[in-house]
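Worksheet: the structure to be examined is printed underneath.
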Amino acid sequence: MSDYSTGGPPPGPPPPAGGGGGAGGAGGGPPPGPPGAGDRGGGGPGGGGPGGGSAGGPSQPPGGGGPGIRKDAFADAVQRARQIAAKIGGDAATTVNNSTPDFGFGGQKRQLEDGDQPESKKLASQGDSISSQLGPIHPPPRTSMTEEYRVPDGMVGLIIGRGGEQINKIQQDSGCKVQISPDSGGLPERSVSLTGAPESVQKAKMMLDDIVSRGRGGPPGQFHDNANGGQNGTVQEIMIPAGKAGLVIGKGGETIKQLQERAGVKMILIQDGSQNTNVDKPLRIIGDPYKVQQACEMVMDILRERDQGGFGDRNEYGSRIGGGIDVPVPRHSVGVVIGRSGEMIKKIQNDAGVRIQFKQDDGTGPEKIAHIMGPPDRCEHAARIINDLLQSLRSGPPGPPGGPGMPPGGRGRGRGQGNWGPPGGEMTFSIPTHKCGLVIGRGGENVKAINQQTGAFVEISRQLPPNGDPNFKLFIIRGSPQQIDHAKQLIEEKIEGPLCPVGPGPGGPGPAGPMGPFNPGPFNQGPPGAPPHAGGPPPHQYPPQGWGNTYPQWQPPAPHDPSKAAAAAADPNAAWAAYYSHYYQQPPGPVPGPAPAPAAPPAQGEPPQPPPTGQSDYTKAWEEYYKKIGQQPQQPGAPPQQDYTKAWEEYYKKQAQVATGGGPGAPPGSQPDYSAAWAEYYRQQAAYYGQTPGPGGPQPPPTQQGQQQAQ
């Protein structure tokens, strides 16, 4: 009994395991003593008793830890398991929480239900359990970064794309947020903000480089060095002196636009509003190295020209606009300046080193403006070439009309004193009235297109046809022979038929033949008298007149009579007689009518001969006219005109000898033979136009043969 009283209460029945454990703990509470004392008090083995030996006795050393120490060790083990599960990121934490530990009592849930721990420790344990279960659902956030990237300012639109589709694609494919700065601030590059994971930012940069490289025409992936400090794209700044920034910019920015277009670079004049106007301003030039250098030289040329005092002034060639020169060119001479297939204007541009463009207009004015762009000295050189070319067109070969050349002032009718306009300055053609609309077009668009395409000037004449036929209208084409031929071809394509020449021949004025002015033959412009190339009076006979006053000598005759035409076809001689009687019934005025081969005064000792076919003798009238012309005062500054009076007298004498058959033995009423004269005329026509009449071409029309050919 003393043993029980000393070591603790007597052992209870076996079922209460908890009580036995507590007794054992009480017996082993004091520090372990000598082995004898321990045996006597039953602290280690005896304290366990039959109730607690299976749970606590064997797991603890004699006299060692109780239930509090075991619970702390279990909590530490659970905490370590949770940390391992969190690192693995799997379901290990859940497995650890639901598993039963290898201890002698219940699992974790059983532990929390024990009432031996304070309330705060229970709540902390529950929170740790919930966090371990929610950990796999919310993984830890990845590291994010923001980087500033730069792209060319001109490529921003390409990067954004239509409706922002390109920049959206970059963000979706790379997983990076892309934000572009709204303004470059006058710099050649725009800032782009890239936000995301490092690998996403790197991928977005590669995609931006590819887009910019494709925009510049290079292979993808080669822009990074260019846009961010590379050497393939050059940026150079030159200082513009104070007060000369306006020269570089030009009116409305025209000069700097032309410089950028010609050099193929981008120019930005940096102007700070806070700076003083007397401070030099930097001009930033961006582009390829060679183009940048060329642009710098062009800018310096403009500044140097101003220093020399010549920039912006007007000279004899036209007005300077934005570093260029405007040169007026007569509309009918535009084709000559351009040349066939543009050969002439290309040659001028290559020789002078400039660029020439004709400004668009409505096509109604007498001149077109050729705008020359380039350095000032080269522009002047090109303008000088164009003016020399126009001057050569205005001047014709000198010489009396009886010579082999054309009269001075060009073929046909010229303007003013006959020395204006290129050779072959004007031709008149008849077109059926119902086809005039095809030539003119709606609102005049067709005739304007012909004028612009050929360089000729086509207009409808206000004069009536020579025979007053209302079924035809007269059209006038002015320009060089090449321009006239080109315009004729286009008009013939529109009316689907040939044009009928009307009026004076290429060398002198003369109405159409008696078979009608609308015969579709190429050489029916004049009467079969003297050769047309020498039949007209000298060029200075024409007073100044406008384009509209083309045929002032014509009077509207009676309407066309078919019966008279049939009679004329039956008797050609009678038709020619009627033709001359109608044509020469008008009194000679200030603008004399055409002169057929009038009979010369009879030689000394011979009786006067009547003119053949009823023609009048106008020799004296012509002599008197030329005397009056010679007495008229010349305009100041005009070159002295030669006196062709004697030449014309000699010419008409020779024509009179030809008209009388070559000698006094010829019968007075015989028809003259103009075969040789017509042959010479056609030869000169072929030489002028660069064509050679073939075997079936026009033949000299002597008397009857000429009339049959005209039919």
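The backbone N, Cα and C atoms fix where each Cβ goes, and this holds for glycine too.
According to Swiss-Prot, the feature region 'Disordered' maps to 1-147 (among others).
Residues annotated as N6-acetyllysine in Swiss-Prot: Lys87. The number of other Cβ atoms within 10 Å of the Cβ belonging to Lys87 (N6-acetyllysine), over all protein chains shown, comes to 9.
If you look up Swiss-Prot, you'll see Lys121 marked as SUMO1 cross-link, on the strength of a large-scale study or a structure entry.
Sequence annotations record features per position, and here Swiss-Prot assigns phosphoserine to Ser125 (among others).
Positions annotated as phosphoserine by Swiss-Prot, on the basis of a large-scale study or a structure entry: Ser129 (among others).
Taken from Swiss-Prot, the feature phosphoserine applies to Ser131 (among others).
If you look up Swiss-Prot, you'll see Ser181 (among others) marked as phosphoserine, on the strength of a large-scale study or a structure entry. Of all the Cβ atoms in the protein chains shown, 17 others lie within 10 Å of the Cβ of Ser181 (phosphoserine).
Annotation source Swiss-Prot lists phosphoserine at Ser184 (among others), citing a large-scale study or a structure entry. DSSP assigns Ser184 (phosphoserine) to coil, not to a helix or a strand.
What Swiss-Prot records for Ser193 (among others) is phosphoserine, and it gives experimental evidence as the kind of evidence. If you take the C-beta of Ser193 (phosphoserine) and look for same-chain residues 6 or more apart in sequence within under 8 angstroms, you find Thr146, Glu147, Glu148, Tyr149, Lys177, Val178, Gln179, Ile180, Ser181.
What Swiss-Prot records for 392-429 (among others) is region 'Disordered'.
Taken from Swiss-Prot, the feature omega-N-methylarginine applies to Arg411 (among others).
According to Swiss-Prot, the omega-N-methylarginine annotation covers Arg413 (among others), on the basis of a large-scale study or a structure entry.
Feature annotation from Swiss-Prot assigns omega-N-methylarginine to Arg415 (among others).
According to Swiss-Prot, the domain 'KH 4' annotation covers 424-491, on the basis of sequence analysis. Per DSSP, the domain 'KH 4' (424-491) is made up of 32 helix, 18 strand, 18 coil.
The feature omega-N-methylarginine is assigned by Swiss-Prot to Arg442 (among others). Its Cβ placed at the centre, Arg442 (omega-N-methylarginine) has 7 other Cβ atoms within 10 Å.
Summarising the annotation, Swiss-Prot assigns phosphoserine to Ser480 (among others) and lists a large-scale study or a structure entry as the type of evidence. Neighbour density for Ser480 (phosphoserine): within 10 A of its CB lie 23 other CB atoms from the protein chains shown.
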Can you grab the distance from Ser480 (phosphoserine) over to Arg442 (omega-N-methylarginine)? Cα atoms, rounded to a whole Å.
27
Cα-Cα, whole number of Å: Arg442 (omega-N-methylarginine) versus Ser184 (phosphoserine)?
50
Take the Cβ of Ser184 (phosphoserine) and count every other Cβ within 10 Å, whichever protein chain it belongs to.
17
Could you state the CA-to-CA distance between Lys87 (N6-acetyllysine) and Ser184 (phosphoserine) to the nearest Å?
48
